[in-house]
Amino acid sequence: PVSVEAPSKSRKMSSHNDYTRVPVIESSGDISPMIEMKESVSVYIGSSPTHLTLGISGMTCASCSGIIETTLKEIDGVFDISISHILARGEILYDKTKTNRETIIDEIESVGFAVEFLSETQHVVGTHLNSAEEVQLKLGGMTCSSCSGLIETVIGEMDGVESIEVNLLMETGKVKYDPNVTGIRTIIEEIESIGFQAAVFQKDQTDFGLDEREGLWRDFLLSCFFTAPAVLLMIIMMIPSESTDFLMTNVFLDNLTLYDFLMWVLCTPVQFYVGQRFYKGALKSLKRGGANMDVLVALATTLSYVYSVFSIIVGVLWTHYEVVTFFDTSAMLITFILLGKNLEAIAKGRTCEALDKLISLQATTAILVDGDEEKEIHTTLLQVNDVVKVFPGSHIPCDGVITFGKTTVNEAMITGEPMPMAKEEGDTVIGGTMNQSGCVTIKATRVGSATGLSQIIELVENAQMNKAPIQAFADDISSIFVPMVLCLALITLIVWLFLGYSGLLPDGYLPPHTTTFLYALKYAITVIVIACPCALGLATPTAVMTGTGIGAQNGVLIKGGGPLEKAHGVTCVVFDKTGTLTQGEPKVVHVELLSSWLPEMEFWKYCGSAESTSDHPLGQAILDHARNNVGASIVAPSSSEYSVGLGLKSTVEEHNVLIGNRQFLETNSVSVTEAMNDTMVKHENNGKIALLAAVDGEVVAVIVLADPIKGEAKTTIQALEYMGITTHMVTGDNRRTAAAVAKELGISHVFAETMPHDKVRAIEDLKSKKDIVAMVGDGINDAPALVAADVGIAIGAGTDIAIEAADVILVRNDLRDVVTAVDLSRHTFSRIQTNYVWAMCYNILGIPVAAGVFSPLGITISPVIGGLCMALSSVSVVCSSLLLKLYQKPCLPIEDLTEDDLAQLKQRVKMNVLKDVYNKVKNCCQPFCTT
């Protein structure tokens with residue numbers, strides 16, 4: 001049964017539960033809408049912080065990013081920090097009145113990381129994107145301060161230029177301007193007109209960190225160059241023969257064999273030149289009072305190397321001492337770990353492929369049409385209202401409107417729509433999409449960073465920087481991981497020394513030519529090198545990066561790990577009706593005139609003129625019908641007063657015109673008869689919207705409007721219900737209209753007759769029942785409700801994705817993408833849990849094996865194999881996240897779901913098989929965590 005909730009008509013709502021639940025089928029007669037509400041939803045508009053974007057090199061794992069975050073938190077004025085060691089980027093929000101960019105950069109460099117400034121913008125909280133744009137120019141021809149002063153004076157006086165700063169020494173300039181007034185091409189031409197050179201200063205942010213990856217590869221090759229001969233020597237020594245006896249002859253000093261000398265020479269460059277990256281990383285970490293993976297690697301390899309050198313020195317001083325070295329262990333450890341780091345870098349790079357594909361869609365040049373002339377320019381020089389020509393097979397360089405020609409455009413990479421879209425004069429096109437069949441000219445409406453593609457790229461970049469709450473668990477484990485491992489290694493060393501020297505080990509238990517100390521030390525080193533906090537640190541960000549990238553390719557923009565984590569647990573979805581479940585384009589379908597004294601043409605003249613000042617969809621529908629269908633002449637009303645959610649009061653040619661619901665007319669002292677009410681009820685029970693029109697205090701007509709339901713709406717509701725998610729509808733329509741629409745769609749819960757702030761109350765009501773609530777709306781009229789929901793989903797945004805209130809933005813106006821958003825978040829979060837289970841189980845099982853717990857059963861591993869396992873554990877986690885690239889969104893028909901569709905959804909519901917295992921493993925580790 002469908003039930004409807006509406007605000008109580010007897011009192012003001014003061015709590016979340018102030019709704020009266022009424023069975024729709026029994027409701028009849030006059031139902032007064034809610035009384036006027038005094039409360040309002042406040043929107044906090046905070047200060048305007050500065051958003052700083054930095055490239056940071058030298059980060060190797062999550063501990064490095066943690067060090068930077070800890071350092072920056074100590075700076076007064078810095079209040080939001082996002083550091084990604086995978087992207088080698090940092091996003092910092094700070095207050096310019098308390099600190100500055102130089103201080104932030106100096107602090108990061110003080111803990112041992114290299115920093116490159118990328119961008120800095122003023123971040124306006126609570127608003128859409130700022131209309132002003134900022135560009136950095138490379139300037140030439142300046143010789144003294146008067147030159148820079150001249151540029152600042154001339155450009156500063158241009159219309160649309162808000163500010164300009166010129167740096168004489170760096171030969172750069174930073175210009176802030178309004179793209180709707182002027183453009184970068186005009187600014188450059190003005191600079192050139194006074195005798196200087198200027199060009200847009202471009203920085204390829206996507207290649208930042210390339211030097212770090214190339215350095216890793218060089219170090220690996222250098223390590224292999226020295227380690228390969230060392231391994232060959234080791235293999236030769238394992239096969240005794242007369243031809244290898246010369247390796248055991250003494251050289252230079254007594255008891256210093258050629259074999260030990262060669263191994264020393266080969267492994268020293270690996271330990272101290274190649275391995276310096278681990279020493280530097282360890283020092284950075286220890287300097288800030290932490291300990292990361294570099295500490296473990298540096299300690300393990302140093303122990304192996306130092307013990308070998310110590311053994312040689314003792315053997316030289318006391319010739320009766322049997323020299324035992326394992327230089328090869330330290331060299332092979334470093335080589336294998338660098339191999340793992342390189343594989344990890346390659347795999348991590350693949351998690352950014354979706355973002356790279358979006359960036360590659362941006363055209364670099366455009367053909368500018370200026371009268372009869374055409375010239376090719378860089379897209380950074382395009383300005384609003386420029387006319388550009390686009391040939392078949394070219395990427396469209398900007399957002400705009402076609403002014404000439406017909407074509408088809410492939411928008412798949414941006415909207416997820418697989419079929420090419422036919423375009424003709426007057427149609428809008430999206431920058432970055434592919435022009436397929438015809439040559440067209442386009443008038444630019446948005447260029448540069450204001451284009452839809454640029455906004456999507458920025459949103460995806462920010463999303464990949466955004467941490468999921470579950471990451472806090474990994475951060476807690478990582479913060480204590482290294483000290484715990486070192487303690488376990490020390491315990492391992494002590495236990496094996498005790499067993500060996502106390503005589504508790506059976507005779508022959510130790511391998512030949514191995515002392516008790518060496519045997520115990522190898523186990524301790526293996527414990528140190530097999531432990532891997534990096535896998536834990538990579539479990540969440542790699543999955544979030546891959547998942548958000550896949551979402552962007554399907555037209556589902558998820559704003560980071562937080563929204564993604566919440567979306568996976570959604571238990572109920574609340575849909576706004578108008579424009580979300582319906583087309584949002586109501587039409588007048590019927591009118592019942594109730595007065596004989598007013599001719600129909602005059603009636604439509606009064607109604608159309610009254611609604612000519614309204615921007616409400618119903619008012620626009622009445623105006624459109626009066627003007628285009630009836631042909632009534634429209635005049636400007638002398639006064640108009642609109643009451644939100646109730647109706648319109650206007651004066652047209654000295655006649656008082658009222659158009660609205662029952663309550664609105666009765667409030668204005670116009671009586672509504674039972675017959676009029678019955679007429680309205682009849683249409684409302686069929687899902688139509690019935691309004692009353694009164695002229696000079698008398699009801700003259702019932703206007704009936706219909707807003708067609710979207711074809712895919714019912715399928716979407718069915719799919720969500722089958723996925724275990726309850727659906728609700730919220731609308732300002734009366735109960736009967738709302739109930740009829742809900743019944744047709746299969747929605748069993750409705751909030752009707754709601755004002756905008758009542759939608760927030762409806763959301764809070766559901767949240768108070770422990771539901772995880774998603775709200776689906778257009779992102780504009782529903783902004784307060786989107787903010788109030790656990791997950792706000794804005795649908796049909798197109799390229800206008802600057803919706804602050806939404807957590808998830810659906811580019812297409814297709815309700816089935818709501819299912820995709822929830823399904824993708826479930827898959828991504830399931831992958832995160834799988835990664836955590838693997839990373840934790842690897843350490844929980846690997847460390848006991850490394851410590852020799854199972855050595856009585858013959859199960860042991862050497863330090864080299866332990867190092868290889870550690871290196872591959874991180875790679876395996878990244879590869880696990882990359883499996884998300886195989887994701888296919890649910891293929892739902894527009895009509896009712898078939899048995900095959902239901903079977904597909906059932907399989908997806910059962911997909912999260914590791915959830916219980918993850919929770920059990922997490923609970924075991926929870927006592928060691930702080931959150």
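Placement of Cβ uses the backbone N, Cα and C atoms for every residue, glycine included.
All annotation found in TrEMBL is predicted automatically rather than curated by experts.
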Annotated range (TrEMBL: transmembrane segment) out of 785-804, 865-884: 865-884
Contact call for the transmembrane segment (220-241) and the transmembrane segment (480-499): at least 3 Cβ pairs under 8 Å, seq gap 6+: no
Feature contact check the transmembrane segment (865-884) with the transmembrane segment (323-340), CB under 8 Å, 3 or more pairs: yes
Helix-strand-coil residue split for the domain 'HMA' (133-199), DSSP-based: 22 helix, 24 strand, 21 coil
Intrachain residues whose Cβ lies under 8 Å of the transmembrane segment (256-274), provided they are six or more past its termini: 219, 222-223, 226-227, 229-230, 233-234, 237, 246-250, 301-302, 305, 308-309, 312, 315-316, 323, 325, 327-328, 330-331, 334-335, 338
Chain residues outside the transmembrane segment (480-499) and at least six past its termini with a C-beta under 8 angstroms from it: 290-293, 295-296, 299, 505, 516-517, 519-521, 523-525, 527-528, 531, 533, 536, 847, 851-852, 928
Residue counts (helix, strand, coil, in that order) that DSSP gives for the domain 'HMA' (50-116): 22 helix, 24 strand, 21 coil
Segment-level pLDDT (mean, integer) for the domain 'HMA' (50-116): 85
